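What TrEMBL annotates here:
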DISULFID  Cys38-Cys240  disulfide bond
DISULFID  Cys83-Cys93  disulfide bond
DISULFID  Cys98-Cys104  disulfide bond
DISULFID  Cys148-Cys230  disulfide bond
DISULFID  Cys153-Cys213  disulfide bond
DISULFID  Cys161-Cys176  disulfide bond
DISULFID  Cys180-Cys189  disulfide bond
DISULFID  Cys190-Cys200  disulfide bond
SIGNAL    1-29  signal peptide
TRANSMEM  265-286  transmembrane segment
Amino acid sequence: MLMASHFTTYSKVWFLFLAIALGVKLSKCANITIINYCKETVWPGITPKNNFSGDGFELKQGQSAVFTAPAEWSGRIWGRTGCDFDKNNNGTCQTGRCGTGIKCNEPGQPPASIAEFTLGETDFYDVSLVDGFNLPIVVKPVNGKGNCSSTGCDSDLRPNCPSELALKLNNKTIACRSACNVFDTDEYCCRGAFSSPVSCLPTNYSRIFKTACPVAYSFAFDDPTSVITCSSTDYVVSFCSSRNKTQCTNQGKNVTCNGAYGLKLLFQTMHILLVGLTTMISLGGVMF
């Protein structure tokens, strides 16, 4: 029995390394590097779809962190601003809060600029301003296959936010709310008689968002111009960077991005590969 077990494990390892050599994708996990280029501290919030028990942490100016999204993950990433957490990581934020802790345990509160992902054989991603705007945010794929273009909103909508949408603190606009959030009507919220692509059309307010950020979601049925598809890739989500100037490449073990500070980000893909290899062996995913 031991010989048989040993041979099976050896065969699995050989098959997996053969798959690597042939370029077979072993895992659908995606590494999402989150970078803060802003001149202020940002607290990224992360929540999976239909489950508000998520993640969250602090990023000072120039800092980055890697979130590993599991296979078939769907969820949202956004930046929280003006947060004040105590030594137990309890507190609140001026914008984008998702509960009373540094890790999200409630849905994110508008207004917030949001990066949305649905990962699988083909990934779908976009940046949404449907819930308003609080920070410039850009999503950049890394060496993916398909229509892997960058997307996002790299303009700052706060200085020119219409007064009726402006969220202010001490006479300073800290975010730009959506018309739905402010007026709560069926027309602005694309519900009731306005709940279809035929009846829910751009409004003067959504056009302001679309003009400033043409590749971002500006209202609920903005899909044709705002949702990007890609496969076999990792991602970089950056706050306060340029959509056109940020370049990310995969060079062996390293992902390198040059943006506002020429920041270089490193994470160990071989470690990730070995974790996936060990997991597949332990699950008995390959049989001979």
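Placed from the backbone N, Cα and C atoms, the Cβ positions cover glycine too.
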Specify the secondary structure state of Cys189 (disulfide bond) as given by DSSP, simplified to three classes. helix
Show which residues of the chain containing Cys180 (disulfide bond), separated from it by at least 6 in sequence, have their CB under 8 Å from its CB. Val130, Tyr188, Cys189, Cys190
Closest to Cys148 (disulfide bond): which of the disulfide-bonded residues Cys83, Cys93, Cys104, going by Cα position? Cys104
Distance from Cys153 (disulfide bond) back to Cys240 (disulfide bond), taken between C-alpha atoms, in Å: 9
Distance [Cα-Cα, Å, rounded] between Cys153 (disulfide bond) and Cys176 (disulfide bond): 13
Excluding near sequence neighbours, so keeping only residues 6 or more apart in the same chain, what lies with its CB under 8 A of Cys93 (disulfide bond)? Trp43, Arg80, Thr81, Gly82, Cys83, Asp84
Among the disulfide-bonded residues listed here, Cys38, Cys213, which has the most company in the form of other Cβ atoms within 10 Å of its Cβ? Cys213
Cys148 (disulfide bond) has its Cβ surrounded, within 10 angstroms, by a count of other Cβ atoms equal to 19
Counting distance between Cα atoms, which of the disulfide-bonded residues Cys38, Cys104, Cys176 is nearest Cys200 (disulfide bond)? Cys176
